[in-house]
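Feature annotation from TrEMBL assigns Zn(2+) binding site to B:Cys92, B:Cys95, B:Cys128, B:Cys131.
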2 protein chains.
Amino acid sequence: MNPNEVLHEHNLKRTGCREGIISVIMESGNPLSENEIRDRLSGTFDRTTFYRSFKTLQESKIIHKIVVDNQLVKYALDNTITQKQEHAHFYCEECQSVRCLESIPVKTPPLPDGFKATETEVIIKGLCDKCQKNIHA
Amino acid sequence: MNPNEVLHEHNLKRTGCREGIISVIMESGNPLSENEIRDRLSGTFDRTTFYRSFKTLQESKIIHKIVVDNQLVKYALDNTITQKQEHAHFYCEECQSVRCLESIPVKTPPLPDGFKATETEVIIKGLCDKCQKNIHA
DNA sequence: GTTTCAAATGCAATAATGTTGCAAATGTAA
DNA sequence: TTACATTTGCAACATTATTGCATTTGAAAC
């Protein structure tokens, strides 16, 4: 599924900013921060437009935020689009990247009486494979 | 352990702001946001002092941030102080409160080769017991 | 291909959030 | 009580996010 199809399926107009955000995240394969996304878009859009586009894309459940540690915000495509199942995320404290760990599915544990879950997030922090290698090099 | 003892054990000076932050979180029993903490402290401290106190308390591993959803930041006492084990947190999408779910311990799952974990966070989102009751009332 | 109109954009103004430098005040150990 | 490093509060500044509004643009109907 390409960005335009995604937008069309969600009844959103096809605009440069929205299209750009989706395709940059798609190409990366991993969650990106707002700045990482902007850096990868050649033509720059207004800051306001970015915020509004993110908001729209989130409201339409196309992307969602992952917030880790220092208020670092990363955006990822929704599982319905990537066709991944719910999975854990790994945050590297060294290079600050976030990776999807598809090998680790997320199960919501049984909750105390009266609580009802809609979503579960698992964030594992530590050192990623690349940084580990660099340190030992 | 009272706030002063905690500060002393971590070799920090006993100041009003630090003491206040710790005791408010202790009394609440659940993570609180910066504003929630300030609201509960009668005498108000400068914004800057708050930030710096939070920073100091985090650096000394007395409190830590829990970030959920909309960049909402909540502060909780460290497990070494509360003597709780690592546990999941529940975020109520209705009343925006965060609760410690001590009945749900957190286990770090086996990671792919090359990854090394230092910490795992589990945030479950949904409706808390109180809000569920109110909706059905 | 044109027309039409709601929706989206970009700009400016404003608000909210976080940081830094520095003089004055405060905590603690001698 | 003294001495001194640490912390505080203020002001200035930097960064991040939001709102109003005139202009532009996408896409559906003709």
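Including glycine, each Cβ sits where the backbone N, Cα and C put it.
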Non-site residues, in chain order, whose CB comes within 8 A of the mean position of the CB atoms of B:Cys92, B:Cys95, B:Cys128, B:Cys131 at Zn(2+): B:Glu93, B:Glu94, B:Gln96, B:Ser97, B:Leu127, B:Asp129, B:Lys130, B:Gln132
Neighbourhood of B:Cys131 (Zn(2+) binding site) by C-beta distance under 8 A, where only residues 6 or more apart in the same chain count: B:Cys92, B:Glu94, B:Cys95
Of all listed binding-site residues, namely B:Cys95, B:Cys128, B:Cys131, those lying near chain A with CB under 8 A: B:Cys128
Among B:Cys92, B:Cys128 [binding-site residues], residue with fewest other Cβ within 10 Å: B:Cys92
